[in-house]
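According to TrEMBL, the features are:
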DOMAIN    18-231  domain 'Cytidylate kinase'
BINDING   Gly22, Pro23, Ser24, Gly25, Thr26, Gly27, Lys28, Ser29, Ser30  ATP binding site
Amino acid sequence: MFVTVETAARTAPAAVIVAIDGPSGTGKSSTSKAVAAKLGLSYLDTGAQYRAITWWMLNNGVDVNDPSAVATAAAKPVIVSGTDPLAPAITVDAVDVSGPIRTQEVTSAVSAVSAVPEVRTLITDLQRVIATSAGNGIVVEGRDIGTTVLPDADIKIFLTASPEARAARRSGELRGKVPVDVAATREALVKRDAADAGRKTSPLAKADDAVEVDTTDLTLDQVIECVVTLIEGAIARAGQQA
Ligand SMILES: Nc1ncnc2c1ncn2[C@@H]1O[C@H](COP(=O)(O)OP(=O)(O)O)[C@@H](O)[C@H]1O
Ligand SMILES: Nc1ccn([C@H]2C[C@H](O)[C@@H](COP(=O)(O)OP(=O)(O)O)O2)c(=O)n1
């Protein structure tokens, strides 16, 4: 049988764990999904889980600015994440929330909810179970994956980009759907980064052993290729040591 270069999936050994962290709009989700699909790995969007619990709090009348109210309710919603990079899915109490978790209301509240230690403990435990049970290996993206959730990941990547590039990318997603204000988008991104990096419990941070990739002047395809090369390098090194 002939397999062309275009159709052959690039292969990764069983159970490689890839951690991809970085601020909003640096390309984590797009890159992680594409890389996981190319390498035949599972994919986990941890931001979607924090958005899902935030959506539940808002829907159930919990004051998202009251950490003790959020902590008390944190264990109530049942969050289930799909791990197919070609069809990412997330449900709360069996309801598909992949659309509702992307609203502005959820985006504005998610940093406060995700700063509550009880929320982080529950979601971190869930993430570890999902990562360790992905027999084919997994790409996990978020803010604290390399530092806290999976400190023994086989490769850690930290994506960055200028606030201007990130605001332009986010505005591009909204253009045509709602009026777009790039300056306001930039301001909101920077504010959320500060909240995520400034919280006490597992803040947004680059792990000491993470490889930083500045995506400001790279196309998405270039970032994907760079990350695939980094993962393949880590796999080759692991193979040499075995
Ligand atoms: N290198 C890049 N160049 C241009 N646009 C990009 C790049 N990386 C991602 N994007 C676009 O930017 C937006 C945000 O990307 P996303 O992957 O959701 O970022 P994150 O998960 O880090 O918030 C998406 O519309 C995506 O297609
Ligand atoms: N591992 C993670 C992932 C996300 N979060 C929080 C902080 C982020 O502002 C929100 C939303 O994350 P998400 O990745 O969906 O955000 P963007 O798509 O980059 O806008 O969740 C977190 O605290 N820890």
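From the backbone N, Cα and C atoms, a Cβ is placed for every residue, glycine too.
Automatic prediction, not curation, is the source of TrEMBL annotations.
Note: the ATP site is recorded as Gly22, Pro23, Ser24, Gly25, Thr26, Gly27, Lys28, Ser29, Ser30; in the same chain, Thr31, Leu159, Ala161, Arg166, Thr215 also have Cβ atoms within 8 Å of that site's Cβ centroid. Highlighted here are the binding-site residues (Gly22, Ser24, Thr26, Ser30) whose C-beta falls below 6 Å from ligand 2: Ser24, in sequence order.
The number of other CB atoms found within 10 A of the CB of Gly22 (ATP binding site), across every protein chain shown, is 25.
The binding-site residues under consideration are Ser24, Thr26, Ser30. Their Cβ neighbour counts within 10 Å are lowest for Ser30. There are 26 other Cβ atoms within 10 Å of the Cβ belonging to Lys28 (ATP binding site).
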